[in-house]
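Reproduced below are the annotations present in Swiss-Prot:
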COMPBIAS  9-24  compositional bias 'Low complexity'
DOMAIN    32-96  domain 'KH 1'
DOMAIN    143-208  domain 'KH 2'
DOMAIN    236-301  domain 'KH 3'
REGION    1-24  region 'Disordered'
Amino acid sequence: MTMTDSSSPAPEGPAAPAEAAAPAKVDAQAPLVTLRLLLSLKEAARILGRGGNTIDNIRKANGVKIGISTKEKSCSDRLLEVTGSIDAVANSLADVVKVLTADDTNEEDAEPEPEQHIFKHLNFILPPPSPDEAEDPMKVKQIGNLRLIVTNSQVSSIIGTAGSKIKKLIDTHSSKLVVSKTFLPDSQDRILEIQGFPNSIANCIKDISQTLIKDDVLDTKEKRYYPHSKHSKDIHVTATVAIPAEYVGALLGHGGNRIANLRKYTRTKITVAQEPNQNNEREFTITGNDQKSVKLAQNMIMKNLGTEKERRLEKQ
């Protein structure tokens, strides 16, 4: 499918934190909708902007109530919630996409977003767009993804009978849409991922909002998701690292001493598969009580692997 930029663009939002936005006119008669997005910590920081300038510009430009949940300890996700008229909410989310797809011209020292998040719901379901998917290959970087949080009953309305409604959204707005198969933790919420140009995503949001109002499922009694850590002892964060079998011994160390020290330093549990997989790799499974510890253990294992590879090359 070729993605095209919408011929009827949403009003331009703030492209940078420094831009001042004129207050938008609010239609008091228009029905209000509230939509929620799942964000990574890095995405949340970009949308907030320095001193909250970016989100404030989006708020003023579109006349919406918009905010991001507080950062919870041991959580790698935050929620964005926006309330306003259908058009205002859709256009503000188009502005969010523009912020997330803008070049990091002011973030020279920022680390790139990791390809895989330990909190699996942050990992995009859809693959990144390729240049041949855009009508203008030079604009492919403007294509973004949103993780819209929807309840199970809302999913049914959005998909429609035999997928008729979601197919129409895809065809009409030259966008890609997919619904997660699993619920967000401790909730009846799922992710509706939308990929496309900002204006195309805005038009999708408008149609989705109209559908939710028409089917009377905009406000449901289903259990909603909120980032939470519970008590430390109840948290179980897991990640796996595949290591070529020939390097496993070196990473374990004499008598398992090296891996034991790594466990102690990172405060994680690390187990190693007894048998290699079809790629002749053995999986290291890391389990801990928080994202940071597990990620640290993961990085240290990969660093040790790189060091061992270099050592062997030098001996050749």
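In case you wondered, yes, glycine gets a Cβ from its N, Cα and C as well.
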In the domain 'KH 2' (143-208), how many residues does DSSP assign to helix, to strand and to coil?
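Result for the domain 'KH 2' (143-208), in helix, strand, coil order: 32 helix, 20 strand, 14 coil.
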In this predicted model, what is the average pLDDT of the domain 'KH 2' (143-208)?
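Its mean pLDDT is 95.
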DSSP helix, strand and coil counts for the domain 'KH 1' (32-96)?
32 helix, 22 strand, 11 coil
DSSP-wise, what's the residue breakdown of the domain 'KH 3' (236-301) into helix, strand and coil?
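The counts are 32 helix, 20 strand, 14 coil.
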